[in-house]
Amino acid sequence: MEVAAGAPRSRLLLFVLAATATLAPEATAFQCFCHLCTKDNFTCVTDGLCFVSVTETTDKVIHNSMCIAEIDLIPRDRPFVCAPSSKTGSVTTTYCCNQDHCNKIELPTVGPFPGKPPSGLGPVELAAVIAGPVCFVCISLMLMVYICHNRTVIHHRVPNEEDPSLDRPFISEGTTLKDLIYDMTTSGSGSGLPLLVQRTIARTIVLQESIGKGRFGEVWRGKWRGEEVAVKIFSSREERSWFREAEIYQTVMLRHENILGFIAADNKDNGTWTQLWLVSDYHEHGSLFDYLNRYTVTVEGMIKLALSTASGLAHLHMEIVGTQGKPAIAHRDLKSKNILVKKNGTCCIADLGLAVRHDSATDTIDIAPNHRVGTKRYMAPEVLDDSINMKHFESFKRADIYAMGLVFWEIARRCSIGGIHEDYQLPYYDLVPSDPSVEEMRKVVCEQKLRPNIPNRWQSCEALRVMAKIMRECWYANGAARLTALRIKKTLSQLSQQEGIKM
């Protein structure tokens, strides 16, 4: 394109004008194409610029070609008339030039025009296009909420052919859990069912209902081949607790009538989250805490609850030497909520996630670095004031004894003699808040040296008097002076014989 030779412009201005296609007119006149000039052979003469435009509206396209006089070029270096424009309902594209018939060109259109619906879509189709994505988003959100709400209810499916390691022939039809446990204890290593059998059992359990929640996750009642089981489902962040508890439960020779019967452990990754399952025997009475809240007990019932708890703890604490031996184990979180009541009125100790084992050969204790664990209300004085000897395994056993003395106090309060009994309460209910801190417990137990109150009426009943004596000997500030679990078991066994109680 040419630019007016006589225009007093710098080289920079020439470059800008050329780049923007906004041109000053030639000094002499020239001819342009004019679509309205029918008498002059569609030609006009101007001393300004040739002009061409195309205007698009919602329903038509208008082409326009003509001459623009120099006097109409305002401002002269960037005329408004040569600038493209856009307003509601139309878009105009323009082009100005300064050579003969330079505007005789076809400008491109921008179509389809903005705001105009595609010619192929009617009102119904347009509504479908708009409503479709909206419905999809709504359904997706509802599905996500449903999955999140019911994720723990997802049933384990029967193993399929894509997972041959879980094929059903490993457990024949008609086999019961009792059969499997019997075979394991009589012919196996005594350390639990084979992992393949555990996984097969876990993945064929149908969950029925949630029966409890805790800091680890949730407990469900489930069914395996018609038999009721308890399923403890750990949250994924509690994987260490799940692994530790499964490991402790599978300790050689641990199985005992007063230790919760372990059945299986399994982890299942469904692609979105990991479920960590611990399957055990189901006891419909629930925890000792729940049981004592609901019922009072007779003297016989009190002795059965206490003796079975002591028997379970004595078995945990005891080391069995031999080829199929068992290491000594300390519970470290003994309380009424971690003891279950069986159908026959006896107890079994559960929740071994914080337990520690002692290797007598090397005199080592497998314990996490943080020793301040368990429930603050049941912590022994030496745990509260940090004076416990972490390198001495007996220290952990003695702390368990202190906690068991508090559990006995909870049981004895609910023993009804002549229709008289105390309401259920947690230990130190009258001395500390419902969720006491370590400092609050330390002040009461270590500084003030207070212990739960023993009612005077207990002295009028031999069984309650013996229970009170055992409690006091479990609560000594000096752990070495406390009774052992085996000594307590023997004392309660003698009491049960005196009372004519059959366990």
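Here, residue 1 is simply the first one shown, and the rest follow in order.
Here the Cβ of each residue, glycine as well, is placed from N, Cα and C on the backbone.
Keep in mind the model is a prediction, meaning the values are calculated, not measured.
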In Swiss-Prot, the member of N41, N344 to which N-linked glycosylation site is assigned: N41
C50: disulphide-bonded cysteine as recorded in Swiss-Prot, out of C32, C34, C37, C44: C32
Selected from C82, C102: Swiss-Prot disulphide partner of C96: C82
C-beta crowding around K391 (SUMO cross-link), within 10 angstroms: 10
For K391 (SUMO cross-link), the three-state class that DSSP assigns: coil
The topological domain 'Extracellular' (30-126) - residue tally per DSSP class, helix then strand then coil: 10 helix, 36 strand, 51 coil
